[in-house]
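Visitor: Okay, so Swiss-Prot annotates it like this:
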type	residues	note
ACT_SITE	94	active site, proton acceptor
DOMAIN	100-336	domain 'Radical SAM core'
DISULFID	107-342	disulfide bond
BINDING	114, 118, 121	[4Fe-4S] cluster binding site
BINDING	168, 169, 200, 222, 223, 224, 299	S-adenosyl-L-methionine binding site
ACT_SITE	342	active site, S-methylcysteine intermediate
């Protein structure tokens, strides 16, 4: 990207309006330009025919619409798409589209790698490099919308839902994520309703409080354990923000909208968090919480110490929660044949921590000493 030019994908509508006014342009031009970029999907200013030649020339000199580069695209047997996107810095992130009969969900990344270290997630083993810019986040939506349209020659609105559940912890990139979600919900851009944009967090309490004040999007919490002792192992940020704080906030998160509920995500790990006593503990934990629970069959990745719970175990767990009035569903595994399922996204990360090197060392050890059983704790790879 030309360092002298501003990338317009970093601007929401109001910011774009202010930018054009600073360039001595009429405010109404912002709406036209915003729609060209996001609704029509045009990057070439020369093709924005209702802007006027003088403005088009000015935009060509001062601005650009720079996107991540698609370096690979895979399509699963079930129709799931996964794109590997190269950033200007050389790192790569992944974006996934999951088609269903009446909806299409785009799973969007927020960081290069992840700043957290959940023990059951492949992204965490890649380490962390940096936060994504607003342009790199909304650029995933822009690219997916164009790719899906171009592939079958239609211009139907295929992306009906966006989930901030890709690589990274969204709330540790608060400003850029909120800015991108605002563009997603803008009627001049992608026009998604607040109930169709979901942010998933591991429980960064201060930023959850901020999000509640400034954004109406749906909230999902990566819970995965019903006690602090177990969650400390699976989701280490729990040591800083324990369940008592997390559940207290979730109880009042949608207090002004009593019909809305917090979704609690719970990965099913064989013999770890899937036993009847865990279900009983979860029922007690979520008492009086406006909640729905999403059970996620574990999706394996190299060197993981975990296994997926059996279908019978998952069904029994779900049924027990349902009998106690907790709305519970089991997420259908999609895209696992191309490593696009929940917890499998990895990308290509130039790790600025030592986490990926430690993980690779452990992987090498497991290959060279098959006689030694390798047990990995979250502390060892933090």
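Yeah, the Cβs are placed from backbone N, Cα and C, and that goes for glycine too.
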Visitor: According to DSSP, does residue 107 (disulfide bond) fall in a helix, a strand, or coil?
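Guide: The residue in question, residue 107 (disulfide bond), is strand (DSSP, three-state).
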Visitor: Could you round the CA separation between residue 200 (S-adenosyl-L-methionine binding site) and residue 118 ([4Fe-4S] cluster binding site) to a whole angstrom and send it over?
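Guide: Spelling it out, the Cα of residue 200 (S-adenosyl-L-methionine binding site) and the Cα of residue 118 ([4Fe-4S] cluster binding site) are 14 Å apart.
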Visitor: Counting other Cβ atoms within 10 Å of each residue's Cβ, which of the recorded positions 107, 114, 118, 121, 223 comes out lowest?
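Guide: With the recorded positions 107, 114, 118, 121, 223, fewest surrounding Cβ atoms within 10 Å: 118.
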Visitor: Using a 10 angstroms cut-off on Cβ to Cβ distances, just flag whichever of 168, 200, 222 is the loneliest among these binding-site residues.
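Guide: Looking at the binding-site residues 168, 200, 222, the Cβ with the fewest others within 10 Å is that of 200.
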Visitor: What does the structure give for the C-alpha distance between residue 169 (S-adenosyl-L-methionine binding site) and residue 114 ([4Fe-4S] cluster binding site)? Integer Å is fine.
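Guide: Given the Cα positions, residue 169 (S-adenosyl-L-methionine binding site) is 6 Å from residue 114 ([4Fe-4S] cluster binding site).
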Visitor: Near residue 224 (S-adenosyl-L-methionine binding site), which residues of its own chain have a C-beta under 8 A away, given they sit six or more steps off in sequence?
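Guide: Residues satisfying the criterion: 118, 120, 231, 234, 235, 265, 266, 267, 273.
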Visitor: Rounded to the nearest angstrom, how far is the Cα of residue 114 ([4Fe-4S] cluster binding site) from the Cα of the residue listed as 'active site, proton acceptor'?
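Guide: About 12 Å separates the two Cα atoms.
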Visitor: Within 10 Å of residue 299 (S-adenosyl-L-methionine binding site) (Cα to Cα), which of the recorded positions 107, 114, 121 do you find?
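Guide: Candidates kept after distance check: 121.
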Visitor: Count the other Cβ atoms sitting within 10 Å of the Cβ of the residue listed as 'active site, proton acceptor', across every protein chain shown.
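Guide: If we count other Cβ atoms within 10 Å of the residue listed as 'active site, proton acceptor', we arrive at 24.
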